[in-house]
Amino acid sequence: MDIRSVGVVGAGQMGNGIAHVMALAGYEVLLNDLDKETLDAALERIARNMDRQVRGGKVSEQDKEAALARIKTTLELTDLGRCDLIIEAATEREEIKQKIFDTLLPHLKPETILTSNTSSISITRLASRTDRPERFMGFHFMNPVPVMQLVELIRGIATDEATFQACKAVVDRLGKTAASAEDFPAFIVNRILMPMINEAVYTLYEGVGSVQSIDQSMKLGANHPMGPLELADFIGLDTCLAIMNVLHDGLADTKYRPCPLLTKYVEAGWLGRKTKRGFYDYRGETPVPTR
Ligand code: NAD
């Protein structure tokens, strides 16, 4: 399978990073979202992030210009039908993803590989509702995509070997490392990471520590580059809560129950960096803990 063009659905935090790395690796990219403002903001962000890579000597000015020229945007999801590989990176809600696949399917080439960047939704279930469960799999990037080395590749129960190898070849060409994960709730990284973040929120909720002392403890005491609450803000508290719910429902074990304080922050619309407030307030010069 010769993959030359990649369609990316959703131009949010992950979608713009995926378009960025795909274009730098030489793929033609078609990026889709619901409104023009989001697409324009994504292109601006990609250009800014590539500028940073140029300043750091990681990318040449010429390669940056060539990569930017390879990224096109569209508001018409069905335009992605001509791509060889689709990576769906829209909001983490199953009904949204389902609707995207339903709309796309009649427009896809028979050989097109369909993938989802979902952090937690069952690949087998998403695949079973398409016309190509054997050419469907999980293509799970880490945030921020241009920086993080790992991509989890998740086979659904029906995914065939050729599809897995084609996706693995794409990861290789990106210069990243693929980890193969079986299709169980939250796969590998989030299965381990999210319960730790959730436990950090319980630690805050029960008054064992403040935001600052919890983050400092894990940075200096466990050698983590970021504290768990800082990391939760970075990922998005809505995403963290959604993943905890998937673990809780999917594994039916109370050890995965989401902390009520996490739910409260999400209900307040304090979703972390993307809304400028979460466990820290980002509206000023330096982040200020909110508890
Ligand atoms: P985000 O909210 O930043 O972006 C989602 C984008 O999808 C938005 O721009 C939204 O307008 C768009 N969208 C929603 N419905 C759409 C539709 N019908 N058609 C086209 N676009 C649509 O979210 P994100 O953090 O980029 O997450 C996207 C996906 O990546 C989720 O499945 C999430 O689980 C996964 N993921 C997130 C992270 C992370 O750290 N944030 C890491 C790995 C994977």
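Every residue, even glycine, has its Cβ placed from backbone N, Cα and C.
In TrEMBL, annotation is done automatically, which means it is predicted and not curated.
Per-residue confidence over the domain '3-hydroxyacyl-CoA dehydrogenase NAD binding' (6-183) averages out at a pLDDT of 97. Among the features that TrEMBL reports, domain '3-hydroxyacyl-CoA dehydrogenase NAD binding' is placed at 6-183.
Look at TrEMBL and you will find Gly10, Ala11, Gly12, Gln13, Met14, Gly15, Asp33, Glu92, Lys97, Ser119, Asn143, Lys274 tagged as NAD(+) binding site. Taking a C-beta cut-off of under 8 Å and a sequence gap of six or more, Gly12 (NAD(+) binding site) has these contacts in its own chain: Asp33, Thr38, Ala42, Ala89, Ala90, Thr91. According to its DSSP assignment, Gly12 (NAD(+) binding site) is coil.
Positions annotated as site 'Important for catalytic activity' by TrEMBL: His140. Under 8 Å, Cβ to Cβ, and six or more positions away along its own chain, His140 (site 'Important for catalytic activity') finds Asn117, Thr118, Ser119, Val151, Glu152, Leu153, Ile154, Ala181, Phe187, Val189.
According to TrEMBL, the feature domain '3-hydroxyacyl-CoA dehydrogenase C-terminal' maps to 187-282.
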* **Cβ neighbour count (within 10 Å, all chains shown) around Gly10 (NAD(+) binding site)** => 25
* To do: Please state how far apart, in Å and to a whole number, the two most distant Cα atoms are among Gly10, Ala11, Gly12, Gln13, Met14, Gly15, Asp33, Glu92, Lys97, Ser119, Asn143, Lys274, the recorded NAD(+)-binding residues.
  => 21
* To do: Report the same-chain neighbours of Met14 (NAD(+) binding site): residues 6+ apart in sequence with Cβ closer than 8 Å to its Cβ, ordered by sequence.
  => Ala89, Asn117, Phe141, Asn143, Val145
* **Among Asp33, Lys97, Asn143, the one of these binding-site residues whose Cβ has the fewest neighbouring Cβ atoms within 10 Å** => Asn143
